[in-house]
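Have a look at the structure below before the remarks.
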Ligand SMILES: Nc1ncnc2c1ncn2[C@@H]1O[C@H](COP(=O)(O)OP(=O)(O)OP(=O)(O)O)[C@@H](O)[C@H]1O
Ligand SMILES: [Mg+2]
């Protein structure tokens, strides 16, 4: 791809000579007579800036600072007059890529340009790879239960097609995780993943946030700005909590999704839009009063439901252990033990906040910050004691409970025969079962699933 170089100089003759030189070297140039004019053209793609240092109103240094203030990391090369060394030093401190003293040597200038563009390409590549890796990392979906295996399979299927998706699930069940996983495994994985929480969209703000605005619409942002839709171009847009989207915005969004074109506010030229929409919702959309059915049908061809921990109860110990270990490692602590008895107890607790709550609980446990606080027990007797550090007594109890559960299982829950096998009186067995929260039908009371 040809590099686009913005060239800024208030002297028209210098400007055109410089443009000719750079263009002849095979680059694409855009000429600006002032720093302000260049700032106004910022939304358009550019790869570097060459600017004169001394200009009336805003000088080259001012331009550089204005770019950085807007978090634009375009490399800037400044051309300084003779004796401007002090300014040049300041420019480098402010983050200029390089400076050349005028009259510059053409060959030298072209080599500075080439080096700058190469360095910029390398920086972009590193940033892109970091982004891809971060997305992959975030997207590990744990669980061996039928529910979680089903979820992973469905994600793989959805990643292989390019259709819009609605993800439905209770809070903390991994809707965002699933959306990121679909993106990361899809053909769009190297494109952006943009998340937009619809709950923050008011009727007044929604349009500019979604569609952006053209140059000159707002005094405070005169250059114009891309909206979230455009920011997701080439990638995936997650519309989080889509059920909260105001009805008027639903209508506008529907049109964009049908036409795959977006018009910034105040512009009349629509821009093509290549995005995939993944909407998430806590309530099934068809049950939501005021959700447009046409938008619903537009999105709902491909649905994905994330399971609650009630449906994936057998995964509770695994997910807990995983996040406890991650937290411990993050703080340089030894891997925490998750004794069997604690695992059984975790399975018996209700987790209204689902994996998010379980994760928070695991982290607190790993760091010794709190006792397990997974809501209220879903069933069975209240857990006898909090899981302290693994003392000998704890370990013995854990071993004993596990043995008893296994023997009970082997005898189909028959306590008489289990007591025989264990060589203890039946009454003693009943006492121990009560203490450990074991029931005769499932080994562990409730079992969680
Ligand atoms: N199956 C899973 N395996 C591992 N981690 C998971 C799983 N499901 C969810 N998580 C983790 O639980 C946390 C909550 O997940 P996420 O933010 O995706 O939930 P959500 O459904 O979007 O919740 P909300 O509706 O409250 O926004 C995240 O840290 C996520 O990584
Ligand atoms: Mg979420």
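Glycine is no exception: its Cβ is also placed from the backbone N, Cα and C atoms.
Worth saying up front: this structure is predicted, and the values here are computed from it rather than measured.
In TrEMBL this protein carries:
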| type | residues | note |
| --- | --- | --- |
| DOMAIN | 4-117 | domain 'Response regulatory' |
| MOD_RES | 52 | 4-aspartylphosphate |
| DOMAIN | 141-367 | domain 'Sigma-54 factor interaction' |
Distant-in-sequence Cβ neighbours of residue 52 (4-aspartylphosphate), under 8 Å, six or more positions away: 8, 9, 10, 11, 14, 60, 78, 79
The domain 'Response regulatory' (4-117) - residue tally per DSSP class, helix then strand then coil: 50 helix, 24 strand, 40 coil
Confidence summary (mean pLDDT) of the domain 'Response regulatory' (4-117): 91
